[in-house]
Amino acid sequence: MSSDLLCGSHAAPVVTQLRRHAPLVHCITNDVVQNFTANVLLALGASPAMVVDTDEAAQFAAIADALLINLGTLTRPQQQAMRAAIDSACAAGKPWTLDPVAVGALTLRTEFAQEILARRPAAIRANASEIRALTGESGGGRGVDATESAHQAREAARLLARRTGAVVAVTGEVDYITDGERTVAVEGGTAMLTRVVGTGCALSAVVAACCALPGDRLENVATACWLMKRAGEEALTVSRGPGSFASALLDNLHAQAFGGAYETH
């Protein structure tokens with residue numbers, strides 16, 4: 001399966017739309033990453049909100065421009081709020097994104113992820129092991145970490161996209177984004193992104209924000225991946241370790257959104 005390579009010149013129009021529309025993203029995400037996720041969205045010009053009560057989640061999902069469902073610290077009571085929010089978003093015509101953290105490794109979240117896939121997410125952002133688990137392959141990573149490369153899960157991602165109608169982003173050293181017919185690759189980034197808690201979960205929130213934008217959803221989701229990788233590369237050049245890298249990542253995401261300079265490679 002061949003993949004087209006996304007470069008900065010293709011990402012630039014999507015970044016402009018992100019800044020212009022400033023989508024309101026309803027994040028039902030895990031307890032570990034809420035603050036960092038909110039700051040990443042703000043850095044890019046989007047607006048985050050974390051509404052978790054079941055009744056309020058349903059109300060707010062209809063108001064927001066996009067919804068993120070992240071299974072990182074899933075509990076049975078939280079499932080009710082997630083179902084209500086997804087149903088409300090779907091009824092209002094709002095896109096929702098699934099981040100199926102650690103599916104395949106744990107039973108509760110794996111069964112719940114399979115259940116809500118029937119509600120047709122606009123996008124799915126996951127690592128290789130999670131993508132393979134969603135398709136019923138062996139899957140099952142080491143907790144939240146993948147035990148396979150994104151390249152190994154490209155075909156599973158394509159099949160999952162065809163089955164669900166979602167744009168599927170399988171992320172790793174190289175990210176692959178597919179709608180089941182077309183596939184885009186995003187290269188770059190840095191291993192330091194794996195040394196800061198929440199970068200993957202925050203990326204899923206950016207994917208959700210980009211799903212609210214007009215235009216080609218495949219390119220929109222690929223641009224979300226490009227933004228995180230590019231900002232990570234730039235942050236690495238000015239940081240001394242994970243702590244300073246996290247701050248520099250936010251600064252460089254903001255620079256990508258508001259600086260207006262995009263390389264063609």
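Cβ atoms here come from the backbone N, Cα and C positions, even for glycine.
From a predicted model like this one, the values you see are computed outputs, not experimental measurements.
Under the heading substrate binding site, Swiss-Prot lists M50, G198, citing sequence analysis as support. DSSP gives G198 (substrate binding site) a coil state; it is part of no helix or strand.
Annotation comment: Swiss-Prot describes R125, T171 as ATP binding site. Long-range Cβ contacts of R125 (ATP binding site) within its own chain (separation 6+, distance under 8 Å): T97, L98, D99, A169, T171, G200, L203, S204, V207, V221.
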Inset, instruction - Quick one: among the binding-site residues M50, T171, G198, which has the most Cβ atoms sitting within 10 Å of its own Cβ? - result: T171
Inset, instruction - For R125 (ATP binding site), name the DSSP secondary structure in the helix/strand/coil scheme. - result: strand
